[in-house]
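Reviewing the structure listed below.
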Amino acid sequence: MKLLSKTFLILTLTFFFFGIALAKQSFEPEIEALKSFKNGISNDPLGVLSDWTIIGSLRHCNWTGITCDSTGHVVSVSLLEKQLEGVLSPAIANLTYLQVLDLTSNSFTGKIPAEIGKLTELNQLILYLNYFSGSIPSGIWELKNIFYLDLRNNLLSGDVPEEICKTSSLVLIGFDYNNLTGKIPECLGDLVHLQMFVAAGNHLTGSIPVSIGTLANLTDLDLSGNQLTGKIPRDFGNLLNLQSLVLTENLLEGDIPAEIGNCSSLVQLELYDNQLTGKIPAELGNLVQLQALRIYKNKLTSSIPSSLFRLTQLTHLGLSENHLVGPISEEIGFLESLEVLTLHSNNFTGEFPQSITNLRNLTVLTVGFNNISGELPADLGLLTNLRNLSAHDNLLTGPIPSSISNCTGLKLLDLSHNQMTGEIPRGFGRMNLTFISIGRNHFTGEIPDDIFNCSNLETLSVADNNLTGTLKPLIGKLQKLRILQVSYNSLTGPIPREIGNLKDLNILYLHSNGFTGRIPREMSNLTLLQGLRMYSNDLEGPIPEEMFDMKLLSVLDLSNNKFSGQIPALFSKLESLTYLSLQGNKFNGSIPASLKSLSLLNTFDISDNLLTGTIPGELLASLKNMQLYLNFSNNLLTGTIPKELGKLEMVQEIDLSNNLFSGSIPRSLQACKNVFTLDFSQNNLSGHIPDEVFQGMDMIISLNLSRNSFSGEIPQSFGNMTHLVSLDLSSNNLTGEIPESLANLSTLKHLKLASNNLKGHVPESGVFKNINASDLMGNTDLCGSKKPLKPCTIKQKSSHFSKRTRVILIILGSAAALLLVLLLVLILTCCKKKEKKIENSSESSLPDLDSALKLKRFEPKELEQATDSFNSANIIGSSSLSTVYKGQLEDGTVIAVKVLNLKEFSAESDKWFYTEAKTLSQLKHRNLVKILGFAWESGKTKALVLPFMENGNLEDTIHGSAAPIGSLLEKIDLCVHIASGIDYLHSGYGFPIVHCDLKPANILLDSDRVAHVSDFGTARILGFREDGSTTASTSAFEGTIGYLAPEFAYMRKVTTKADVFSFGIIMMELMTKQRPTSLNDEDSQDMTLRQLVEKSIGNGRKGMVRVLDMELGDSIVSLKQEEAIEDFLKLCLFCTSSRPEDRPDMNEILTHLMKLRGKANSFREDRNEDREV
């Protein structure tokens, strides 16, 4: 019995230990696979794998992150957010029972092992947020059980293969934020169980597969941040379970399919940052569950459909950066769940919706860059959750509502670039503001004290208002301030020394005020300051030494103050400077050579001072990287121009004019191949103008070497300057002939050669065709066909006739003279008879007129038919002298018919009509309205036929509904057109033709908005002459009040200077959008437009900018633009001088405009550098 028991025990133990050994052997591959996984980990900072050690049996199932089934096989490896670093071992394939592999948010690198395709039981592969690279292993697509594939946020590359469509079990696919390329497979629609497909942030191309529209179970689709093209498939309207559709930041085009309105489950619709066009579909109003609709940054047109205001679940509505139009409906107040509303950068008009205050959950409201008018709601303070209110760049008026102080959570307030008035309300200190920008308005009064209680404020811009008072010492409390802009106001007093407390300040703009005194030494505490503009104040004294401790300073503008003394050598410490302007002060002494350390300068202006001595060569050599502007003009500098100037190979503008430089132009200057403008005028330079210097300067627009002592011939290389617009060589000692090559420069509009010793023939083509005689005077040996030049004669050998021959010639000459007398008597007799006949029937002379004019003579009936019997509906302009009708000839030609008012014309003016019609038909210039023909019937009709101008007249463009001419360059271009036409009238014909009624209504714009001067013959047809005489029987022709020159209104004297006056008024009107009469100043005193402009310039740049039209004023972003506009307005005042002899001629005006155009065309400063925030 004992033996039996002992045997049984031995057998039991034997089977037990055999079972253990067998179990250990069956799990060994999985354990080894896990060990290999652990060996692939190079860093385990949290020690999560420290328990991966064999102790006893089956212990691997208890390791961190491991889950086994009931038989002990590993079915899940889940190691989320464990900070593991390393590679994924291919041995993972030996976990043959593995169903879930989740390595979310670690730092695995290398490729995903191809062996992973052997895990036939795998249904979830989650490798989200790692650094896996390479392509997606093809074996994954053989995993028949996988339904959850998440590879987001890795570095995977390659295409999405067609094989993905074989894995029909997939429910979720996540490819977000990798480097995948190629097209989305068209067969994606075969994955019938797919609920989520997200592939944002890759480089996918091609169109969106239409087959996606068949995925009935799809709830989430995100393809944002790729380069997808084509249209949004209309089949998406079949996705009734779709909850989130995100296609943002692609290149999609076409319209938003109305069919999306069928996706009744949609909660989120994001289509922003594409190139979508067309209307916002009204059908989107059917998406009653929609919470987020963001379709901003597209090219959508139309108004906001009223159906959108039914989406009461909306929390986010983003329609900004489109081309949407119309008013913002008061129905916006129905969207009471709205938290974020962005409508900025559209073309919305109408008044600010008062119902906006119903949106009590609103945190962000942006409506900037529109044309919204009206006032902000008085109860704006009801929006107590508001954090961001941005309504800049609109047409808002009225005050800032005082209730805004109830918006205690408000952090950002931007109301800049509007027309708001009143004082800045108190209560700002109650809010949590970090950003305040209310510049470019009409706010008055002082900066309220409690604004200085905004202790978190980082940006404060109150620039370009009518603020008065001082900048108070309380400013020192805003110690988090980074940007402070108070420029373009009327602040006075000293700059407070407490400003030195603002140690985080990056930008400080104090310019264009009335600050006085010295720069406070405490400003040296602003060691983080990068931009400092204090120009156009009344600051004085020397620059304090402490200021040069601001080592990060990049922009420094101290121009137009009263600083004196020498330019401190300590400027050399400001090695980060890229922009330095000391222009318009009282600095004296020499230019410090130590400034050579300022090697990063792009703009350097020390003009208009009292500087003496020479330019240090080493300074110029250090500026070799300068790209924009070097100006040392209007000083007392001497010596030669340093050869080192040639080191500035990238500079665009050099001005050394009005100094005392001597010697010759350095040959090294030829290296400055990028220069646009070069001015060495008004110096003592001499020698030949070196031909080789200018051979490579083919970018130059303006070259001025006038008022020097240059000798020799004009270089032939000037003829190679294919962009040259203005060339001034006047007042030198140049000799030789004028190069014919100058006549071939099509761009050359202004050429001055006066006061030299030039000789020979003056070319007759190109710029010489319309050159002013005054620009050639002082060259006694020049000849040509243009008056008052003497004609070029060819000397011939003397002829010697015999005595007999001379007698014969005398007899023949006498006989010829007798015949000529008889012929003249006969002609006079015929003329008297003809004159008598004309009295009975004046029409008898018209055939001769037809012949003389070489114009088509229209029958009055033709014009009646073309204008529908001169229907009043076709009137496009009228005055006391004429009415202009739009008409259409039988051949389809659209014309303008100018019918003269016979009551205002004497009978004697008939003969002037013939004479002047003949004269006017011979005028040919691209900026004059061409005369196509005429119609005449004694006592009934007197009309001119003109081409029809598609864009109307300048009057409508400035004051009417026509598209405005906004930019400075566009305005200058228009003035150049007008001036060119008038200059041709004044000096391009055999005798001057005075317009006498120049005004915006008489300037027409063609389809390309090129200006054409019209009505330039009316005065002559009436019989007015330059001497003031007239044959008109009435005083009908009295010009237009406001544009009429004083001497014409009172003396009836007609000269070209009368047109110059009118042109000056037109230029002012174009810049200000103010009519020339019925203006009032701030004291309600009557004033003219000229007085308004003159007063504005007298008030400094702040006043000047304020008088400009808003669009132009808002476009000013740099000091150079301000200076160009100031020059333009000064030219206007010059043109409108009360004495005619003080006004320039039209050629001089054209020259000045071309120079201004060159400046306006070459502005290169960054738009944000001088723009008020």
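The backbone N, Cα and C atoms fix where each Cβ goes, and this holds for glycine too.
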In Swiss-Prot, which of these is labelled phosphoserine: Ser622, Ser909, Ser1115?
Ser1115
Of the residues Asn62, Asn840, give the one that Swiss-Prot describes as N-linked glycosylation site.
Asn62
What residue among Cys165, Cys263 is stated in Swiss-Prot to be the disulfide partner of Cys187?
Cys165
Are there any residues in the same chain, six or more apart in sequence, whose C-beta is under 8 angstroms from the C-beta of Tyr148 (site 'Interacts with flagellin flg22'), and if so which?
Asn123, Gln124, Leu125, Ile126, Val171, Leu172
With DSSP as the yardstick, break the repeat 'LRR 1' (97-119) down into helix, strand and coil residue counts.
5 helix, 7 strand, 11 coil
Please report the Cα separation of Asn466 (N-linked glycosylation site) and Asn453 (N-linked glycosylation site) in Å, rounded to an integer.
22
All-chain count of other Cβ atoms within 10 Å of Asn388 (N-linked glycosylation site):
18
Chain residues outside the repeat 'LRR 13' (385-407) and at least six past its termini with a C-beta under 8 angstroms from it:
339, 344, 352, 360-379, 413-428, 430-431, 437-438, 1114
According to DSSP, which kind of secondary structure is Asn453 (N-linked glycosylation site) found in, if we only use helix, strand and coil?
helix
Integer Cα-Cα distance in angstrom, Arg152 (site 'Interacts with flagellin flg22') to Asn94 (N-linked glycosylation site):
25
Secondary structure composition of the repeat 'LRR 14' (409-431) [DSSP: H/G/I, E/B, coil]:
3 helix, 4 strand, 16 coil
Going by Cα-Cα distance, pick out whichever of the glycosylation sites Asn94, Asn217, Asn453 is nearest to Tyr272 (site 'Interacts with flagellin flg22').
Asn217
Cβ-Cβ under 8 Å from Asn406 (N-linked glycosylation site), same chain, 6 or more residues apart: which ones?
Gly381, Leu382, Thr384
In angstrom units, rounded to an integer, how far apart are the Cα atoms of Asn772 (N-linked glycosylation site) and Asn361 (N-linked glycosylation site)?
70
